[in-house]
């Protein structure tokens, strides 16, 4: 069997525990790489995170904005091969590549979409498995064929060449699952995400990038910095990203925006579209959405296309209070 066809749907209800060890092929994600003598200085002037202080064993969130502070991409940045990799949703990468390259002609830097394969290791035994393929410690490790990166306590990214990816997949002793479980864990961890449909809509703080340490307020200038700084010091940001959960009366659309409405008195008003979503087998779904940050947490929500549903804001796994 072709290694790329070994991944199957794992049907889970909202009450089922996650298996201890899973591997997935992250075809919906990819990486942009930067190599060259000026890679560090160039990227430092483009993104919200501090590239200069990023150590070999560290990974950081970051955002890339336009001049008005609107986000093109939210990514995980780490050292990869002889440069940097920016891991992010595949659908955002075409526009992000174009914008990131805009001023690169003046620098000794090569910016490209990586041809490496992205695999995701998930479950309570993920750390133990990584230790079997790595001789080092830390959140970023050089492994055969590429790099292993800790995404969260029970998740690792493997960014490796195709030959090594095939070896890992064929030798895998856990479950081979399709990538929606990675999306589910992103949602439950409230990982900031920008896909193609949400590019250039929000400032970083509306996506909680500051809450996951993806913004340095002490580094030098970068594109969009003025807006990002005003949002922090003048309190101009009025939005935040939330986890929402609710019931379904029909499957969610994979092609059209999934819009929520919120109750305003006796009426309903559009609240915006989900950034991403995951459906359980028991007609329950979860998602991420940007909402006004002064909303009451018991506000009533519903799917615009399914008005008989009821959705609610869920607790975030981190604090927004230090914004």
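Cβ coordinates are placed from backbone N, Cα and C, and glycine is handled just like the others.
Source: prediction; values computed, not measured.
Annotated features in Swiss-Prot:
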| type | residues | note |
| --- | --- | --- |
| BINDING | 29, 182 | folate binding site |
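The Cβ of residue 182 (folate binding site) lies under 8 Å from the Cβ of 24, 26, 29, 120, 122, 155, each of which sits 6+ residues away along the same chain.
Following the DSSP three-state reduction, the secondary structure of residue 182 (folate binding site) is helix. Within 10 Å of the C-beta atom of residue 29 (folate binding site) sit 22 other C-beta atoms, taking all shown protein chains into account.
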